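According to TrEMBL, the protein carries these features:
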BINDING   His17, His20, His54, Asp102  Zn(2+) binding site
DOMAIN    56-85  domain '4Fe-4S ferredoxin-type'
BINDING   Cys65, Cys71, Cys119  [3Fe-4S] cluster binding site
BINDING   Cys75, Cys109, Cys112, Cys115  [4Fe-4S] cluster binding site
DOMAIN    100-129  domain '4Fe-4S ferredoxin-type'
Amino acid sequence: MPIDDNFFTNLKATEKHTEHYVWGPGKEGEVTKNQEVVEAHEKSGITIKPLGIHGTYVAVDFDDCVADGACLPVCPVACFEWEKNPGKAGQDDRLDYTDKSDPIREADCIFCMACVSVCPTTAIKIDQSLVDVHKRVQLG
């Protein structure tokens, strides 16, 4: 399901992760419907729970990200890397299907939309107009 166009007003910035904000609360998303993701969580003993949206103008809904990794190699400026395997940005570098594509270098985005076009669950939203929102965020 695509990220709500007004997520930055309907949700709260709950924390700052690296250089981007996390917006929540999260929701029950595509991860609960994807068999590979469900099995990976069961195998690792991790309970699936709502994680929210990571990033503001490069926003990844962690509740819909199924660790496909298609967004990583298509990004010409390497905005993304694996959350559980920091420094790794290859599609096959994920640790398992509990991992997430993290917009760790949100500020480097050139708004080409390549990541949006390849995401199988529409878990990514790129919106250049939200750069100013990012600058004004207050946690709470």
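For all residues, glycine too, the Cβ spot is worked out from N, Cα and C.
A TrEMBL annotation is a machine prediction, not a hand-curated record.
Distance noted between the C-alpha atoms of Cys75 ([4Fe-4S] cluster binding site) and Cys119 ([3Fe-4S] cluster binding site) is 12 Å. Other residues of the chain with a Cβ within 8 Å of the Cβ centroid of Cys65, Cys71, Cys119, the [3Fe-4S] cluster site, are Val60, Asp68, Gly69, Ala70, Ser101, Cys115, Val118, Pro120, Thr121, Ala123, Ile124. In this structure, His20 (Zn(2+) binding site) is part of a beta strand by DSSP.
If you look at the domain '4Fe-4S ferredoxin-type' (56-85), the same-chain residues 6 or more away from its ends with a CB under 8 A from one of its CBs are 1, 3, 7-8, 20-21, 23, 26-31, 34, 36-37, 40, 50, 91-106, 108-110, 112, 114-115, 117-131, 133-134, 137. Secondary structure of the domain '4Fe-4S ferredoxin-type' (56-85), assigned with DSSP and counted as helix (H, G, I), strand (E, B) and coil, comes to 4 helix, 6 strand, 20 coil. Same-chain residues lying 6 or more positions outside the domain '4Fe-4S ferredoxin-type' (100-129) and placing a CB less than 8 Å from one of its CB atoms are 1-3, 5, 7, 17-20, 29-30, 51, 54-62, 64-72, 74-84, 86. Cα distances from His17 (Zn(2+) binding site) to the binding-site residues Cys109, Cys115, Cys119 are smallest for Cys109.
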